[in-house]
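Noted in TrEMBL for the protein shown:
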type     : residues      : note
DISULFID : Cys31-Cys226  : disulfide bond
DISULFID : Cys73-Cys83   : disulfide bond
DISULFID : Cys88-Cys94   : disulfide bond
DISULFID : Cys142-Cys214 : disulfide bond
DISULFID : Cys147-Cys197 : disulfide bond
DISULFID : Cys155-Cys165 : disulfide bond
DISULFID : Cys169-Cys178 : disulfide bond
DISULFID : Cys179-Cys184 : disulfide bond
SIGNAL   : 1-21          : signal peptide
Amino acid sequence: MSHLTTCLVFLLLAFVTYTYASGVFEVHNNCPYTVWAAATPVGGGRRLERGQSWWFWAPPGTKMARIWGRTNCNFDGAGRGWCQTGDCGGVLECKGWGKPPNTLAEYALNQFSNLDFWDISVIDGFNIPMSFGPTRPGPGKCHGIQCTANINGECPGSLRVPGGCNNPCTTFGGQQYCCTQGPCGPTELSRWFKQRCPDAYSYPQDDPTSTFTCTSWTTDYKVMFCPYGSAHNETTNFPLEMPTSTHEVAK
(Lines of atoms letter the chains of each structure in order from A and count residues from 1; the text may use other names and numbers.)
(Lines give C-alpha, C1' and ligand atoms only; values in the text may rest on other atoms or scores of the structure.)
Protein backbone atom coordinates (compact mmCIF):
# COMPACT_ATOMS: atom_id res chain seq x y z
CA MET A 1 0.00 0.00 0.00
CA SER A 2 1.40 3.39 -1.01
CA HIS A 3 2.01 6.16 1.49
CA LEU A 4 -0.74 8.26 -0.12
CA THR A 5 -3.24 5.39 0.07
CA THR A 6 -2.37 4.77 3.72
CA CYS A 7 -2.96 8.44 4.55
CA LEU A 8 -6.31 8.41 2.78
CA VAL A 9 -7.40 5.31 4.72
CA PHE A 10 -6.50 6.91 8.05
CA LEU A 11 -8.31 10.11 7.11
CA LEU A 12 -11.41 8.11 6.16
CA LEU A 13 -11.34 6.21 9.45
CA ALA A 14 -10.95 9.46 11.37
CA PHE A 15 -13.89 10.97 9.52
CA VAL A 16 -16.10 7.94 10.21
CA THR A 17 -15.13 7.95 13.90
CA TYR A 18 -15.80 11.68 14.22
CA THR A 19 -19.14 11.42 12.43
CA TYR A 20 -20.60 8.45 14.30
CA ALA A 21 -18.99 8.57 17.74
CA SER A 22 -21.07 9.73 20.68
CA GLY A 23 -20.46 13.09 22.24
CA VAL A 24 -22.75 15.01 19.89
CA PHE A 25 -24.87 17.67 21.60
CA GLU A 26 -28.08 19.04 20.15
CA VAL A 27 -29.21 22.40 21.56
CA HIS A 28 -32.81 23.12 20.60
CA ASN A 29 -34.85 26.27 21.18
CA ASN A 30 -38.50 25.56 21.85
CA CYS A 31 -39.15 28.96 23.46
CA PRO A 32 -41.57 31.44 21.86
CA TYR A 33 -38.66 33.91 21.67
CA THR A 34 -35.11 34.04 20.33
CA VAL A 35 -32.40 32.41 22.45
CA TRP A 36 -28.70 32.95 21.85
CA ALA A 37 -27.28 29.56 22.83
CA ALA A 38 -23.79 29.41 24.33
CA ALA A 39 -21.38 26.56 25.02
CA THR A 40 -17.84 26.38 26.43
CA PRO A 41 -15.11 25.15 26.23
CA VAL A 42 -16.36 23.77 22.91
CA GLY A 43 -19.19 25.11 20.79
CA GLY A 44 -19.04 28.88 21.15
CA GLY A 45 -22.45 30.37 20.44
CA ARG A 46 -25.36 30.46 18.03
CA ARG A 47 -28.56 32.44 17.57
CA LEU A 48 -31.60 30.16 17.66
CA GLU A 49 -35.08 31.19 16.63
CA ARG A 50 -38.01 29.14 17.85
CA GLY A 51 -37.79 25.59 16.50
CA GLN A 52 -34.13 25.79 15.49
CA SER A 53 -31.39 23.41 16.62
CA TRP A 54 -27.63 23.65 16.82
CA TRP A 55 -25.31 20.62 16.92
CA PHE A 56 -21.70 20.39 18.02
CA TRP A 57 -19.31 17.60 19.00
CA ALA A 58 -17.39 17.49 22.29
CA PRO A 59 -14.32 15.21 22.39
CA PRO A 60 -13.76 12.61 25.14
CA GLY A 61 -12.13 14.12 28.19
CA THR A 62 -14.00 17.41 27.88
CA LYS A 63 -14.77 18.67 31.39
CA MET A 64 -16.01 21.75 33.23
CA ALA A 65 -18.24 22.27 30.20
CA ARG A 66 -21.37 24.41 30.13
CA ILE A 67 -24.30 25.02 27.82
CA TRP A 68 -26.73 27.86 28.51
CA GLY A 69 -29.08 30.28 26.85
CA ARG A 70 -28.77 34.05 26.60
CA THR A 71 -31.75 36.37 26.30
CA ASN A 72 -32.46 39.86 24.95
CA CYS A 73 -29.22 40.07 22.99
CA ASN A 74 -28.10 42.53 20.35
CA PHE A 75 -25.04 41.68 18.22
CA ASP A 76 -23.55 43.45 15.23
CA GLY A 77 -22.26 41.79 12.07
CA ALA A 78 -18.92 41.11 13.74
CA GLY A 79 -20.59 39.19 16.58
CA ARG A 80 -20.10 41.87 19.22
CA GLY A 81 -22.83 43.20 21.44
CA TRP A 82 -24.55 42.49 24.75
CA CYS A 83 -27.14 40.18 26.37
CA GLN A 84 -29.41 40.92 29.31
CA THR A 85 -28.84 37.45 30.79
CA GLY A 86 -26.00 35.00 30.24
CA ASP A 87 -23.70 37.50 28.53
CA CYS A 88 -20.17 36.15 27.97
CA GLY A 89 -18.08 39.26 27.52
CA GLY A 90 -20.15 40.86 24.79
CA VAL A 91 -19.45 38.31 22.03
CA LEU A 92 -21.65 35.86 20.13
CA GLU A 93 -19.00 33.11 20.15
CA CYS A 94 -18.44 32.54 23.86
CA LYS A 95 -14.95 31.74 25.15
CA GLY A 96 -15.71 32.14 28.85
CA TRP A 97 -18.65 31.55 31.18
CA GLY A 98 -21.83 33.56 31.14
CA LYS A 99 -22.87 36.28 33.56
CA PRO A 100 -25.62 35.22 36.01
CA PRO A 101 -28.42 34.61 35.96
CA ASN A 102 -28.32 31.67 33.56
CA THR A 103 -29.75 28.16 33.80
CA LEU A 104 -26.83 25.79 33.16
CA ALA A 105 -26.40 22.39 31.56
CA GLU A 106 -23.02 21.09 32.76
CA TYR A 107 -21.09 18.02 31.64
CA ALA A 108 -17.80 16.13 31.73
CA LEU A 109 -17.21 13.33 29.22
CA ASN A 110 -15.33 10.05 29.64
CA GLN A 111 -14.21 10.63 33.20
CA PHE A 112 -13.80 8.25 36.17
CA SER A 113 -14.80 4.63 35.35
CA ASN A 114 -15.49 5.66 31.73
CA LEU A 115 -18.56 7.64 32.75
CA ASP A 116 -20.06 10.88 31.51
CA PHE A 117 -21.16 13.17 34.35
CA TRP A 118 -23.78 15.83 33.72
CA ASP A 119 -26.34 18.00 35.49
CA ILE A 120 -28.59 21.04 35.40
CA SER A 121 -27.53 23.80 37.77
CA VAL A 122 -29.18 26.94 39.11
CA ILE A 123 -26.10 27.90 41.14
CA ASP A 124 -25.70 30.73 38.63
CA GLY A 125 -29.40 31.49 38.87
CA PHE A 126 -32.22 30.88 36.40
CA ASN A 127 -33.24 32.59 33.19
CA ILE A 128 -34.72 29.96 30.82
CA PRO A 129 -36.58 26.67 31.50
CA MET A 130 -34.41 23.75 30.42
CA SER A 131 -34.33 19.99 29.92
CA PHE A 132 -31.12 17.99 29.50
CA GLY A 133 -30.41 14.32 29.03
CA PRO A 134 -29.16 11.42 26.94
CA THR A 135 -30.79 10.66 23.62
CA ARG A 136 -30.47 6.97 24.46
CA PRO A 137 -31.30 6.62 28.18
CA GLY A 138 -29.71 3.80 30.14
CA PRO A 139 -29.92 2.23 33.60
CA GLY A 140 -29.52 4.05 36.89
CA LYS A 141 -29.12 7.80 36.61
CA CYS A 142 -28.79 7.87 32.81
CA HIS A 143 -32.08 9.58 32.05
CA GLY A 144 -33.44 13.01 31.19
CA ILE A 145 -33.92 15.76 33.77
CA GLN A 146 -35.46 19.21 33.70
CA CYS A 147 -35.88 22.54 35.47
CA THR A 148 -39.07 24.13 34.16
CA ALA A 149 -40.82 25.68 37.15
CA ASN A 150 -41.99 29.30 37.11
CA ILE A 151 -38.86 30.49 38.87
CA ASN A 152 -38.73 33.87 37.15
CA GLY A 153 -42.34 34.62 38.04
CA GLU A 154 -42.08 33.44 41.64
CA CYS A 155 -38.52 34.63 42.36
CA PRO A 156 -38.01 36.10 45.86
CA GLY A 157 -37.66 39.86 45.75
CA SER A 158 -34.09 39.82 47.04
CA LEU A 159 -32.99 37.63 44.11
CA ARG A 160 -35.06 39.16 41.33
CA VAL A 161 -33.14 40.85 38.49
CA PRO A 162 -34.13 41.90 34.95
CA GLY A 163 -34.66 38.79 32.83
CA GLY A 164 -34.17 36.19 35.55
CA CYS A 165 -33.67 35.09 39.14
CA ASN A 166 -30.26 35.11 40.81
CA ASN A 167 -28.96 32.41 43.12
CA PRO A 168 -28.21 33.59 46.69
CA CYS A 169 -24.47 32.94 46.16
CA THR A 170 -24.44 35.50 43.34
CA THR A 171 -26.47 38.01 45.34
CA PHE A 172 -25.03 37.70 48.83
CA GLY A 173 -21.76 35.76 48.49
CA GLY A 174 -20.13 34.27 51.58
CA GLN A 175 -19.52 30.76 52.88
CA GLN A 176 -23.16 30.17 53.81
CA TYR A 177 -24.31 30.40 50.21
CA CYS A 178 -21.16 29.77 48.13
CA CYS A 179 -19.38 27.00 50.12
CA THR A 180 -15.94 28.32 49.17
CA GLN A 181 -14.22 27.50 52.47
CA GLY A 182 -15.27 23.94 53.22
CA PRO A 183 -18.46 21.95 53.77
CA CYS A 184 -21.81 23.68 53.86
CA GLY A 185 -25.46 22.73 53.72
CA PRO A 186 -28.67 23.96 52.13
CA THR A 187 -30.21 27.26 53.13
CA GLU A 188 -33.77 28.48 53.09
CA LEU A 189 -33.15 30.15 49.73
CA SER A 190 -31.43 27.14 48.14
CA ARG A 191 -34.32 24.96 49.33
CA TRP A 192 -36.66 27.33 47.50
CA PHE A 193 -34.90 26.43 44.23
CA LYS A 194 -34.70 22.73 45.12
CA GLN A 195 -38.43 22.47 45.77
CA ARG A 196 -39.11 23.76 42.28
CA CYS A 197 -36.33 21.90 40.45
CA PRO A 198 -35.57 18.73 42.47
CA ASP A 199 -33.04 17.39 39.94
CA ALA A 200 -30.98 20.60 39.68
CA TYR A 201 -28.01 21.79 41.70
CA SER A 202 -29.36 24.39 44.11
CA TYR A 203 -26.10 25.07 46.01
CA PRO A 204 -22.46 24.04 45.33
CA GLN A 205 -22.44 20.87 47.47
CA ASP A 206 -25.82 19.54 46.32
CA ASP A 207 -24.15 16.51 44.65
CA PRO A 208 -26.10 13.43 45.86
CA THR A 209 -29.39 14.34 44.18
CA SER A 210 -28.06 16.42 41.31
CA THR A 211 -25.31 14.51 39.47
CA PHE A 212 -26.29 12.12 36.67
CA THR A 213 -24.15 9.60 34.77
CA CYS A 214 -24.13 7.60 31.56
CA THR A 215 -21.55 5.18 30.21
CA SER A 216 -19.23 7.08 27.90
CA TRP A 217 -19.70 6.72 24.14
CA THR A 218 -23.10 5.05 24.41
CA THR A 219 -25.26 8.12 23.84
CA ASP A 220 -25.47 11.66 22.56
CA TYR A 221 -27.14 14.45 24.52
CA LYS A 222 -29.87 17.02 24.00
CA VAL A 223 -30.46 20.35 25.71
CA MET A 224 -33.84 21.96 25.13
CA PHE A 225 -34.86 25.47 26.10
CA CYS A 226 -38.54 25.76 27.09
CA PRO A 227 -39.24 22.04 26.55
CA TYR A 228 -42.99 22.70 26.65
CA GLY A 229 -42.90 25.77 24.45
CA SER A 230 -43.81 28.27 27.17
CA ALA A 231 -42.20 30.08 30.06
CA HIS A 232 -42.72 27.19 32.45
CA ASN A 233 -44.59 23.90 32.79
CA GLU A 234 -44.84 21.40 35.61
CA THR A 235 -45.48 18.39 33.34
CA THR A 236 -43.01 15.58 34.00
CA ASN A 237 -42.58 14.19 30.48
CA PHE A 238 -40.26 15.83 27.99
CA PRO A 239 -38.98 14.72 24.58
CA LEU A 240 -35.30 13.95 24.06
CA GLU A 241 -35.34 12.04 20.77
CA MET A 242 -32.77 13.06 18.20
CA PRO A 243 -34.30 13.83 14.80
CA THR A 244 -33.83 11.16 12.15
CA SER A 245 -32.93 13.63 9.41
CA THR A 246 -29.35 14.42 8.46
CA HIS A 247 -27.78 17.19 10.49
CA GLU A 248 -24.60 19.18 10.51
CA VAL A 249 -22.23 18.99 13.46
CA ALA A 250 -20.46 22.27 14.14
CA LYS A 251 -16.71 21.86 14.35
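Any Cβ shown, glycine's included, is placed from N, Cα and C.
Given the structure is predicted, the values throughout are model-derived calculations rather than measurements.
Counting only same-chain residues six or more apart in sequence, the Cβ atoms lying under 8 angstroms from the Cβ of Cys226 (disulfide bond) belong to Asn29, Asn30, Cys31, Pro32, Ile128, Pro129, Thr148.
With all protein chains in the displayed structure included, the most crowded Cβ environment within 10 Å among the disulfide-bonded residues Cys31, Cys142, Cys155, Cys179, Cys184 is that of Cys31. The Cβ neighbour count for Cys214 (disulfide bond), using a 10 Å radius and every protein chain shown, is 25. Non-local contacts of Cys169 (disulfide bond) by the CB criterion (under 8 A, 6+ apart in sequence, same chain) comprise Ile123, Tyr177, Cys178, Tyr203, Pro204. Each of the disulfide-bonded residues Cys73, Cys94, Cys147, Cys197 was scored by the number of other CB atoms within 10 A of its CB, and the lowest score belongs to Cys73. Sequence-distant contacts of Cys88 (disulfide bond), defined by Cβ-Cβ distance under 8 angstroms and a gap of at least six in the same chain, are Ala38, Thr40, Gly45, Arg70, Cys94, Lys95, Gly96, Trp97, Gly98, Lys99. Taking the C-alpha positions, the distance from Cys147 (disulfide bond) to Cys165 (disulfide bond) comes to 13 Å. Considering only the disulfide-bonded residues Cys155, Cys184, Cys214, the residue whose Cα is spatially closest to the Cα of Cys197 (disulfide bond) is Cys155. Checked against Cys165 (disulfide bond), the disulfide-bonded residues Cys73, Cys142, Cys179 differ in C-alpha distance, with Cys73 being the nearest.
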